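**Q** Heads up, here are the entries from TrEMBL:
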type     : residues : note
DOMAIN   : 13-148   : domain 'MARVEL'
DOMAIN   : 154-299  : domain 'MARVEL'
TRANSMEM : 20-40    : transmembrane segment
TRANSMEM : 46-67    : transmembrane segment
TRANSMEM : 79-101   : transmembrane segment
TRANSMEM : 121-142  : transmembrane segment
TRANSMEM : 154-176  : transmembrane segment
TRANSMEM : 188-213  : transmembrane segment
TRANSMEM : 225-248  : transmembrane segment
TRANSMEM : 274-293  : transmembrane segment
């Protein structure tokens, strides 16, 4: 058998801007986890969330880097380019959220009872988390499809990246709904929850179909048209939810337009309702932007048939 020395490992996984970004992700993730477990510490639901986000993204990056370096991704029945940009976009959002939540609840200007070393470690954790978010953002920027360039995959387009953000925002909405939002008091607010769940499922379906390379599974419609139809439906549903939810939560006839003074901090249903209302408008705007961007995908993809790797 002819030797193929040097062909088994992908040198570009190391010697490329994309490889450098992933190595930075691993370095920052490892530093954050080490400092948190060593001295910075974490506690409560917010600390557990941050630690879970860092650990999950770190483990995901290790798997992606290993599969890319060994070229074993070719054995998987997936669209590798779509998967990696989806993971990078999701990890960017997770790191950004953790970079905001952790210092907000754990970093103080004065030294805590454990001493100034703990405070300094927590500041270092925050800095490394921000650098990690920038590293994941750099990977997204490197993989993102640009006008006039070959479209590697749907998830590399602006519309595909918006799908990831929409799903992330929906998870924030679900978290607020589960935190004593009292959504079951009215049929209208239950309708809004159904809308959030249905749109999330539809968005997840598009992402899964793309990552799994099943874009031809919809026989009656081309995939790009199927995406536009789904996005238009989601825009209409979110528009209705964005109107109905504030009315039945903040109108004096059904709720309170102002935060009750007796409401406990951190466990106030009014706060959860406000979070749902705000992020409903955010997701509505994201779906509108997605609908606008999705109009150009068919044009670009229909003219580019190559699939170059970074």
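The backbone N, Cα and C atoms fix where each Cβ goes, and this holds for glycine too.
Please situate the listed features within the shown structure.
**A** Here the domain 'MARVEL' (13-148) is broken down by DSSP into helix, strand and coil counts: 111 helix, 0 strand, 25 coil.
Each residue in the domain 'MARVEL' (154-299) gets a DSSP state, and the totals come to 111 helix, 0 strand, 35 coil.
For the transmembrane segment (20-40), the residues of the chain that approach it from at least six positions outside its boundaries are 13-14, 50-51, 54-55, 57-58, 61-62, 64-65, 68, 91, 106, 117-118, 121-122, 124-125, 128-129, 131-132, 135-136, 138-139, 142, judged by C-beta separation under 8 angstroms.
Within the chain carrying the transmembrane segment (46-67), a Cβ under 8 angstroms from the stretch's Cβ atoms is held by residues 13, 22-23, 25-26, 29-30, 32-33, 36, 73, 76, 80, 83-84, 87, 91, 94-95, 97-98, 101-102, 104-106, 129, 132, 136, all 6 or more beyond its ends.
Long-range neighbours of the transmembrane segment (79-101) within the same chain, counting only residues 6 or more positions beyond its ends whose Cβ lies under 8 Å from a Cβ of the stretch, are 25, 46, 49-50, 53-54, 56-57, 60-61, 64, 67-68, 73, 126, 129-130, 132-133, 136-137, 139-140, 143-144, 152-156, 160-161, 164-165, 168, 207, 210-213, 307, 309.
Outside the transmembrane segment (188-213) by six or more residues, the chain places 77-79, 82-83, 86, 153-155, 160, 163-164, 166-167, 170-171, 173-174, 177, 182, 223, 226-227, 230, 233-234, 237-238, 240-241, 244-245, 247-249, 276, 280, 283, 287 with a CB less than 8 A from a CB of the stretch.
Packing against the transmembrane segment (225-248) from elsewhere in the chain are residues 154, 159, 186, 188-189, 191-192, 195-196, 198-199, 202-203, 205-206, 218, 254-255, 273, 276-277, 280-281, 283-284, 287-288, 290-291, 294-295, 297-298: each is 6 or more residues past its ends and has a CB under 8 Å from a CB in it.
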**Q** Give residue numbers and ranges for long-range contacts of the transmembrane segment (154-176): same chain, 6 or more residues beyond its ends, CB-CB under 8 A.
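**A** Non-local partners: 81-83, 85-86, 89-90, 93, 140, 143-145, 196-197, 199-200, 203-204, 206-207, 210-211, 215, 223, 227, 231, 272-273, 275-276, 279-280, 282-283, 286-287, 289-290, 293-294, 297, 300-301.
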